[in-house]
Amino acid sequence: MLQCLEGVKQLCGVLLKCCDLDLKQPKGLEDPEILARETVFSVSEVEALYELFKKISSAVIDDGLINKEEFQLALFKTNKKESLFADRVFDLFDTKHNGILGFEEFARALSVFHPNAPLDEKIDFSFQLYDLKQQGFIERQEVKQMVVATLAESGMNLSDEVIESIIDKTFEEADTKHDGKIDKEEWRNLVLRHPSLLKNMTLQYLKDITTTFPSFVFHSQVDDT
């Protein structure tokens, strides 16, 4: 009886280990057609993007997942811990909120940066970047944080007086409801008047991603439609 129980115990242990390994095993490219239908990427682009994902995910730790440092190095050419913009983009990519990116998260979120992504998606994503507190509107302090961070990362030094003046003008134009905050509708109107606000929302190389890994793309298992 004891031997039987011990055998069951060992079997359970093996099963638990298998389950644990399965849970930790990152998901790869399971169905490029699904991602192609649900993003702006073609099937070939999804497959090429997966090759890019594998390179990025092995830059620091070769685990098939992208951590924040790998993400910043790949997309922003920096691993600065204080990069607020990069932090915000990573947090919005990380829909599972576990500090790492699987391929599907990476592909779906990166889709908004494609040159062919709908303008409304870019506007919505950029709004979320500035909505640091995730309240559904942008406050003055949030704008200041992003402006200060952007200036610091670009090596520009402006006095606090000049920065406050920039924010004053921004709210004077954007806050048409005069309630001290910028909601989604006001943000959209502001961006439409000043498209340059979205210049960071487009990564041109995504349009040419299939030429980055031509040998892989030529062997696509599914034809683009």
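Each Cβ is built from the backbone N, Cα and C atoms, and glycine gets one as well.
Feature annotations, courtesy of Swiss-Prot:
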{"type": "DOMAIN", "residues": "45-80", "note": "domain 'EF-hand 1'"}
{"type": "DOMAIN", "residues": "81-116", "note": "domain 'EF-hand 2'"}
{"type": "DOMAIN", "residues": "118-153", "note": "domain 'EF-hand 3'"}
{"type": "DOMAIN", "residues": "162-197", "note": "domain 'EF-hand 4'"}
{"type": "SITE", "residues": "SER154", "note": "site 'Involved in dimerization'"}
Three-state secondary structure, SER154 (site 'Involved in dimerization') (per DSSP):
coil
Report the DSSP secondary-structure composition of the domain 'EF-hand 4' (162-197) as helix, strand and coil residue counts.
26 helix, 3 strand, 7 coil
With DSSP, how much of the domain 'EF-hand 1' (45-80) is helix, how much strand and how much coil, in residues?
22 helix, 2 strand, 12 coil
Which residue counts does DSSP give the domain 'EF-hand 2' (81-116) for helix, strand and coil?
21 helix, 2 strand, 13 coil
